[in-house]
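Structure record follows, encoded as structure tokens.
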Amino acid sequence: MQDTMLLGLEGIKKTILHGGTGGIPKLTTGSKVTFHFRTQLCDDERTVIDDSKVVGTPMEIVIGNMFKMDIWETLLSSLRIGEVAEFWCDTIHTGVYPLVSKSMRRIAEGKDPVDWHIHTCGMANMFAYHSLGYDDLDELMKEPKPLYFVLELLRVQQPSEYNRETWAMNDEERLKVVPVLHGQGNKLYKQGQYEEATQKYKEAIICIKNVQTKEKSWEVPWMKLEKMGNTITLNYCQCLLRMEEYYEAIEHTTDIINQHPGVMKAFFLRGKAHAEVWNEAEARQDFSRVLDLDPRMKKAVKRELGVLNMRMEEKNQEDKNKYRGMF
């Protein structure tokens, strides 16, 4: 260890482990910072919580982009390229780390970092479901602790030096790109490219949810975003039906119905999904609700009920043939 210093902020100490090269890069709004990190408890074993080198992929954040762990921007702004430093951070800076860690772990596991089909922010989700899905993070959430962050600065790119993906956009840019992504998804759907369409819809939904978490639930701005998100989610579910992902379609439409029981299209798509997996009672109940909400759907519902009846007859015949050979 070469040097220990205070950064002029309460609850932070920096220890340089390996010096970098050149001067300290200027980090401005929109700068893309690539770095490795290791998070450790302040116990005798220095228990490792997360380590980007173990995962094999460095972390990337964009300065000024409302990253939940905003203290990392401060820490990174003190580093030179190639420098490795250890930062001791008190609990005033580490309280949200479990939520950030959950997102990073989901990315490493190949999952979406944002539970976009859940209609509340990360904090509310945690209280609603009582778990972040990882025992060590649940423990940190219940009892925040000081942490060590070991950071290695790899690269700094200014906004003109890289192509900005949606995760790197600010809220205004995200809202502008949503209708573009929605339109691209619709075009791909019409062309029968359902997998590609789902990616466009999913990207648009994540943009909406990232903006929505900063609004107060059920107030006008939040509701406008909610309606926009539901519309695209239902388009996403139409793709799922085409891809025969019926149970996922049921999951997403049910999320919408639980929050907004007057959305007719959610009942209609869920009814179609139930019919495909032979949930006859559930399908009939959903189609009945469709007619309650919009009697003009009578013709479409009649057609779907005809399909349901045919599928149930086929299944019953298959069951008879299967059991006939057993006796």
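FYI, residue positions are counted from 1 along the chain as it appears here.
The backbone N, Cα and C atoms fix where each Cβ goes, and this holds for glycine too.
Note that this is a predicted model, so its numbers are computed, not measured.
Record features, source TrEMBL:
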| type | residues | note |
| --- | --- | --- |
| DOMAIN | 27-154 | domain 'AIP/AIPL N-terminal FKBP-type PPIase' |
| REPEAT | 264-297 | repeat 'TPR' |
Report, as numbers and ranges, which residues of the same chain sit near the repeat 'TPR' (264-297): CB under 8 Å and 6 or more residues beyond its ends.
230, 234, 237-238, 240-241, 244, 246-247, 249-250, 253-254, 256-257, 304-305, 307-308, 311-312, 315
Please give the average pLDDT for the domain 'AIP/AIPL N-terminal FKBP-type PPIase' (27-154) in this predicted model.
83
How does the domain 'AIP/AIPL N-terminal FKBP-type PPIase' (27-154) divide up by DSSP, counting helix, then strand, then coil residues?
42 helix, 33 strand, 53 coil
